[in-house]
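All remarks here apply to the structure that follows.
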Amino acid sequence: MTIASSETAQGIKVNKNQSHVRSSLWRQSFRRLVRNKLAVTGFAVVVIMFLACFIGPFFSPYTDNKINMALMNHAPYAKHWLGTDTLGRDVLTRVLQAGRISLTVGLASMVLSVFIGTLLGIIAGYYRGVVDQLIMRLADLLLTIPSLPLLFIIGALLSEWKVPPDYRMYIVMLMLSIVSWPGLARMIRGQMLSLREREFMQATIVLGLSDRRKLFRHLLPNLVPLIIVIATLNIGGAILSESVLSFFGLGVMPPTPTWGNMIDAANNMIDFQERPWLWLPPGFSIFATVIAINIFGDGLRDVLDPKQKR
Amino acid sequence: MKDLLSIDHLQTFFKTEAGTVRAVDDVSLRIKPGETVCIVGESGSGKSITAMSVMGLIGNAGGKVEGGSIQFQDRDLLKLSRNELRTIRGHEIAMIFQEPMSSLNPVLKIGEQVIEPLMEHLKLSRKAARKRAIELIKQVGISRAEQIIDAYPHELSGGMLQRVMIAMAISCGPKLLIADEPTTALDVTIQAQILDLLRSLKEESGMSILLITHDLGVVAEMADYVAVMYAGKIVEQGEVEAIFANPKHPYTKGLLRSKPIMNQLRDELYSIPGQVPNPLELTESCYFHDRCEQCMAICRTKQPELIPVGDSQQAACWLYEEEKRYA
Ligand SMILES: Nc1ncnc2c1ncn2[C@@H]1O[C@H](COP(=O)(O)OP(=O)(O)O)[C@@H](O)[C@H]1O
Ligand code: SF4
Ligand SMILES: [Mg+2]
């Protein structure tokens, strides 16, 4: 770094053409993200998915989901672009309505698990000692049990206890958060441990700042990039897990449609072989959404991950 | 005059897998109000650990203060609670580090960081703190303070950042400023500016400075009093004029010989032969013996004590303990 030359100007070391000094780190990151074509594509796909699912059904004449025995299992044609299902309902409309549920479950469980994971990770990493031990042993315990079998067991229990289908969606969100916070908490804690070794944290100690200031003004902003990346990738994971659960009839139950329980059609040999329009659209939706979220998340990581920063 | 800080028989150790590192071993040092004391010595001699012990940062680094006391005014810093320490740090004792580049939080604007100690210790409002921050930044010789305050650390040069660190350190009017190699990471011309700044701030405020450096040039510029450290111990200390005019300890002599002298060309710069001993392999002896040209039999088996040599200095060397040597 050319300290000498820039120092002589007694001013800010900034490119001349970059007139506004306040170009924040966020703006730089954003610029780098936009340059990553793959990530932008991923983001576009996610946005399109969200818009289609949340706005699309308003333009469909079939949202009442009336059972129409005269139009059962019809292949795609002009009036029903993706055909109709076993009860004569429009598949396209149902895929979009299912998307609402699947995306909501993914988002909500992400928010919850990021909240729990961040909070516990910060507490563990900042206070260390006994609290750290407790939180991390609990996390280890949850991490040693593979999450899918764990989800299956809880799902089976719920069915056993006859939980009303209306509530299952919320319980599924909760389940997904419970299995995904430990990995998150561990990452946040790791980041906290490396942050507290950084010299600027030494400086906050030397300045006699309070814990509150150190945590919320110094540590949290440095965790935000990591949290954003984790949160993004977490949505993809949650959507996938929800689909798997629902596919096996252990997640969200019909009549509430989700992509997972729609693919259930593929369980039926005839449907699987003869009526691909029943399971291909929800399958493709899951595939496209999860892949797009992961590509976007990876792009974000490249830009934001502290390990790669400078 | 009453001492502002008095370190007595300080021992700070690190227990590692390979053994105990006695990073600071029986160090005593006094700082009077308004005085600049320099600790000088090669890298690894325990200078930073001494400063960190005063600041109470040793626990964080994984070490432990095993003995001694650190009296600041009338309080023993080693006996204070976490909270009491916190109200002293940044307020009555401030510290700046070697690396200004990494001492500021990269995601917060300069101003956001400068106002923090003001709000924390002086209970200023955000607005008042910001106003004061601008004054402070001007005071440390940065002219475009209003703009700098909204810049991020990566937009400033090392010298500017060190000025900002100094502004933060002096913001609450500390009685003692500890500066651990504050110019080592900076360009030579900037070094001189930063030292000038420290000196003028000291003159204005009357604070004391504990300046840590490996550079005798810095000592000559700044110090009233010097302590020379080697392998965790003070081997010689005294008034700066006495030490420079008449160094007693062979290590101090070596350091002075290896100091480049301004405007004086020498064919080859002298350097003390050998290396700093491995802190894990120290045995009872003068720790400098295997590099000392005047090493005697006793130097290998017994540790010399710090004793008065001359009027205003002390040295720990068997050359000056005639009586004991033959006793
Ligand atoms: N965290 C640590 N763990 C173990 N040993 C340490 C640690 N920090 C410093 N030391 C040891 O303490 C001694 C003094 O270090 P230091 O005070 O940093 O030297 P310097 O005089 O260069 O500032 C060195 O031998 C170093 O290896
Ligand atoms: S005690 Fe002996 S070895 Fe140590 S500095 Fe003095 S003369 Fe040299
Ligand atoms: Mg050091």
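One is the number of the first residue shown, and numbering goes on along the chain from there.
For all residues, glycine too, the Cβ spot is worked out from N, Cα and C.
TrEMBL has this to say about the protein:
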TRANSMEM  A:38-59  transmembrane segment
DOMAIN    A:99-297  domain 'ABC transmembrane type-1'
TRANSMEM  A:101-126  transmembrane segment
TRANSMEM  A:138-158  transmembrane segment
TRANSMEM  A:170-188  transmembrane segment
TRANSMEM  A:219-240  transmembrane segment
TRANSMEM  A:277-300  transmembrane segment
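Beyond the ends of the transmembrane segment (A:219-240), by six or more residues, the same chain brings 29, 102-103, 105-107, 109-111, 113-114, 117-118, 122, 126, 176, 180, 184, 187-188, 191-192, 195-196, 201, 259, 286, 289-290, 293-294, 296-298, 300-301, 304-306, 309 to within a C-beta distance below 8 angstroms of the stretch.
If you look at the transmembrane segment (A:170-188) against the transmembrane segment (A:277-300), you find fewer than three C-beta pairs under 8 angstroms, all six or more positions apart, and that falls short of contact.
Outside the transmembrane segment (A:277-300) by six or more residues, the chain places 33, 36, 38-43, 45-46, 49, 73, 75-76, 82-83, 85-86, 91-92, 95, 98-99, 102-103, 228-229, 232-233, 235-236, 239-240, 243, 259-260, 262-263, 265-266, 271 with a CB less than 8 A from a CB of the stretch.
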